[in-house]
Amino acid sequence: MLRFLSRQGSLSVVRQVIPRKTISLHLRVNTLIIRYRTFSATANSPHLVTMPERRPFVRLPTDVYPVNYGLCLKPDLIDFTFEGKLEAAVEVTQGTNQIVMNCADIDIITASFAPDGGEGEHFYCILSGHHLEEINATGFNYQNEDEKVTLSFPSALQKGSGTLKIDFVGELNDKMKGFYRSKYATPSGEIRHAAVTQFEATDARRAFPCWDEPAIKATFDITLIIPKDRVALSNMNVIDRKPYPEDDSLVEVKFATTPIMSTYLVAFVIGEYDFVESQSSDGVTVRVYTPLGKAEQGKFALEVATKTLPFYKDYFNVPYPLPKIDLIAIADFAAGAMENWGLVTYRETALLIDPRNSCASSRQWVALVVGHELAHQWFGNLVTMEWWTHLWLNEGFASWIEYLCVDHCFPEYDIWTQFVSADYTRALDLDALDNSHPIEVNVGHPSEVDEIFDAISYSKGASVIRMLHNYIGDEDFRKGMNTYLLKFQHKNASTEDLWDCLEQASGKPIAAVMSSWTKQMGFPIIVVDQEQQGDDRALKISQKKFCASGPHSGEECPTWMVPISICTSEDPSCSKMNVLMEHPEINITIPSLSPNKWVKLNPGTVGFYRIQYSSAMLDSFLPGIRDLTLLPVDRLGLQNDLFSLSRAGMISTIEVLKVMEAFVNEPNYTVWSDLSCNLGVLSSLLSHTDFHDDIQEFIIDLFTPIGLKLGWDSKPGEGHLDALLRGLVLGKLGKAGHKATLEEARRRFKEHVEGKQILSADLRSPVYLTVLKHGDSSVLDTMLKLHKQADMQEEKNRIERVLGAISAPELIQRVLNFALSDEVRPQDTVSVIGGVAGSSKQGRKAAWKFVKDNWEELHNRYQGGFLISRLIKLTVDGFAIDKMATEVKSFFESHPAPAAERTVQQCCENILLNAAWLKRDADDIHQYLLQRKVPPV
């Protein structure tokens with residue numbers, strides 16, 4: 001359960017209205033009535049899996065709903081409180097003497113309702129016998145656990161329109177949600193605070209009482225009363241800024257009326273910012289707001305945004321609906337970014353690029369995040385999910401199209417190959433667990449929403465949309481998207497609504513195919529064998545559920561409708577055949593294919609499944625890996641499937657190590673990145689053995705040739721991917737203890753610290769990592785000094801992520817203590833602790849103990865948001881002893897973290913899988929690594 005700041009009792013708090021001094025805020029309410037249709041919850045589908053052991057939850061009643069919110073807020077940036085005045089134009093659909101709204105951490109002072117018309121005929125007080133024009137609420141019943149308030153009135157509000165007025169006060173919290181405070185330093189070093197918002201999923205209710213459900217849309221007229229030397233931003237453009245009559249140090253800033261929209265997309269920011277500005281080719285004003293003195297760092301994001309808006313306008317064939325869009329960097333920010341309509345908020349590291357001090361991976365990350373959030377302006381903001389069950393559609397779609405957008409803006413990034421490593425394989429790994437969940441999950445209580453902001457909603461969602469796009473074809477996909485956006489603009493929609501539009505556009509059975517991917521968890525393993533029959537090749541293909549623990553053994557084995565593509569060595573980049581696999585087994589014949597040619601399924605690694613080939617088929621691919629005739633994305637997919645099969649116990653890990661050795665000529669960054677990641681998992685597993693050094697030697701042998709080829713310094717004609725590859729390879733060699741790499745890293749680090757030769761941004765992470773991994777207390781002291789001196793958040797984060805590489809136990813403890821110090825921003829504490837846990841066996845134990853010892857502070861800091869899930873996963877996922885699963889489970893039974901419940905279950909499952917893998921394969925791996933060292937006779 002979420003812990004509230006002001007009222008923590010679990011029982012409803014019933015309070016009589018205590019008259020206080022009314023807040024004097026001047027507010028003009030737009031009373032234009034826009035007729036609005038409410039949407040009821042969709043009936044539960046039998047295929048949807050609900051979260052375990054959930055408390056009862058009911059959505060808000062529909063007897064009163066808002067049409068327009070006139071909202072005025074006056075934040076106090078010194079005392080961290082705010083005063084608010086709401087005048088909401090509402091529609092009463094049936095007579096009632098109470099109004100139920102969402103409200104959390106807010107104290108209502110007065111509330112009243114006035115019917116339109118003003119003649120008082122709507123209300124009749126039995127006690128006095130008088131007609132009343134305005135009726136005051138006589139009680140506020142706060143249901144804290146459900147984050148609701150019931151306003152009680154002495155007589156019934158009659159059907160029709162009226163105005164609900166509420167005066168209230170709240171706190172600018174430090175939890176990075178709702179209306180909160182964000183700490184920053186001015187260029188002169190003075191510490192100040194901005195007031196900012198983060199409302200998704202269910203935190204608009206912490207800023208003002210509202211109907212905080214995505215389907216209850218309204219327009220907003222927002223006014224902010226702020227210090228006159230501060231910037232005020234909201235979703236719309238400023239239409240008036242004038243002195244505040246009661247205090248000449250304040251100004252009153254009024255914004256234009258928004259389109260009809262959901263509460264979770266409302267935003268406002270009050271602080272000190274510089275900006276850069278441009279116009280997109282379709283006439284939209286784009287601004288990027290940066291910390292003071294750092295306007296130059298907003299230029300890259302501005303360039304991306306001005307290219308992206310016209311791209312989406314053309315792709316969807318629907319114009320961007322607002323007059324402006326602002327992108328702003330927020331110092332304290334829990335997520336990567338948030339797509340508030342017209343005012344997109346970002347972590348500094350997801351928006352700011354310093355031409356001299358930002359590395360290639362940061363530029364790529366900013367491009368992807370900008371692409372993701374701007375896609376939401378159409379898909380999510382213009383058309384919004386009906387309820388959080390359909391969150392995946394919002395996030396999965398944006399996580400797919402961000403790559404399409406970046407590929408358009410920066411074709412040299414080879415971004416679709418990177419998608420496979422960054423999203424597709426990550427989703428497969430999580431979805432193979434027994435404790436995964438379907439893409440569509442029935443969500444009720446607010447505490448359940450945070451739990452589905454995970455790799456299933458984002459990465460599996462993106463992967464199945466990529467598969468769907470490939471199955472339909474781009475032309476019909478775009479046609480269907482356009483129909484969907486036009487049909488549901490300014491309204492709400494469900495997953496099925498999108499399937500209907502795509503089905504009409506393509507004539508294919510989209511709903512039938514896709515429901516097998518969204519309504520049941522998991523995915524199939526496609527088992528393939530072949531036989532040469534004269535000039536033809538006969539394939540026998542079967543599907544069964546893939547489980548991280550091995551083949552599915554249950555009686556009822558689910559099946560999927562699987563779009564299968566097949567290519568051959570005659571043209572590895574082109575599908576020779578496409579079929580829709582609707583049954584557990586199918587047989588396919590490929591005509592006129594000679595015995596020396598190979599056959600491969602899933603070219604492009606687009607279908608969301610693993611493949612197990614017969615030994616003969618697998619052997620036929622090895623030359624294609626060595627001579628690079630297999631495409632990079634397919635070389636990556638083959639290796640990743642094998643690694644996953646070995647973890648599941650379906651093949652020996654030695655088979656994978658042999659295949660990895662075939663990658664010695666590999667030039668592609670993303671293929672190396674995926675290899676590196678899998679070897680990191682194996683290295684972490686083998687840290688529980690006494691032959692950890694042997695796997696380091698294997699890593700050194702594999703990475704040395706490419707390291708020698710790349711060298712330390714960039715060469716003329718190199719591009720983005722070369723910079724990424726150099727950083728990856730040098731970091732891998734340095735961490736593994738490659739002597740020459742370590743010596744050169746130390747030399748360059750010394751020159752960097754002394755100011756003789758500053759390290760290029762792309763070399764900093766690998767050099768920092770290497771010197772720390774093999775360093776002492778003086779190296780740690782130097783790194784902490786560099787951290788303190790860094791003016792850019794990217795550099796601070798770069799250092800924070802590698803500090804955990806330090807080896808000595810007492811230094812590990814220093815790093816952990818540093819994680820909770822004021823030197824580290826609250827959202828970045830997680831990556832410091834995670835860096836310690838991921839670096840060594842000793843680090844993992846120390847990090848877990850640290851999290852347990854500091855649990856109350858950590859849990860309170862993240863208030864049940866997704867950062868708590870991330871912290872738990874990074875800390876305990878790498879254990880490989882059965883009893884650790886019991887310990888982790890037991891700890892969280894006595895220290896509940898409801899928003900991380902599923903994460904805890906997944907971590908315990910991963911620990912048991914690691915332990916089983918180690919028992920099964922450790923001896924064989926050891927023997928293999930020893931044999932490699934024996935010189936051939």
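Residue positions begin at 1 at the first shown residue.
Just so it is clear, glycine is given a Cβ too, placed from its N, Cα and C backbone atoms.
Annotated features in TrEMBL:
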BINDING   His372, His376, Glu395  Zn(2+) binding site
DOMAIN    66-265  domain 'Aminopeptidase N-like N-terminal'
DOMAIN    300-517  domain 'Peptidase M1 membrane alanine aminopeptidase'
DOMAIN    598-911  domain 'ERAP1-like C-terminal'
SITE      Tyr458  site 'Transition state stabilizer'
CB neighbours within 10 A of Glu395 (Zn(2+) binding site), counting all protein chains shown, number 24
In this predicted model, what is the average pLDDT of the domain 'ERAP1-like C-terminal' (598-911)? 95
Here are some binding-site residues: His372, His376. Which one has the most Cβ atoms within 10 Å of its Cβ? His372
Sequence order is fine: just name those binding-site residues in His372, His376, Glu395 with a Cα within 10 angstroms of Tyr458 (site 'Transition state stabilizer'). Glu395
Given the Zn(2+) site His372, His376, Glu395, its other Cβ neighbours within 8 Å of the Cβ centroid, in chain order, are Glu339, Glu373, Ala375, Phe379, Gly380, Asn394, Phe397, Ala398, Ser399, Glu402
Local Cβ density at Tyr458 (site 'Transition state stabilizer') - other Cβ atoms counted within 10 Å: 23
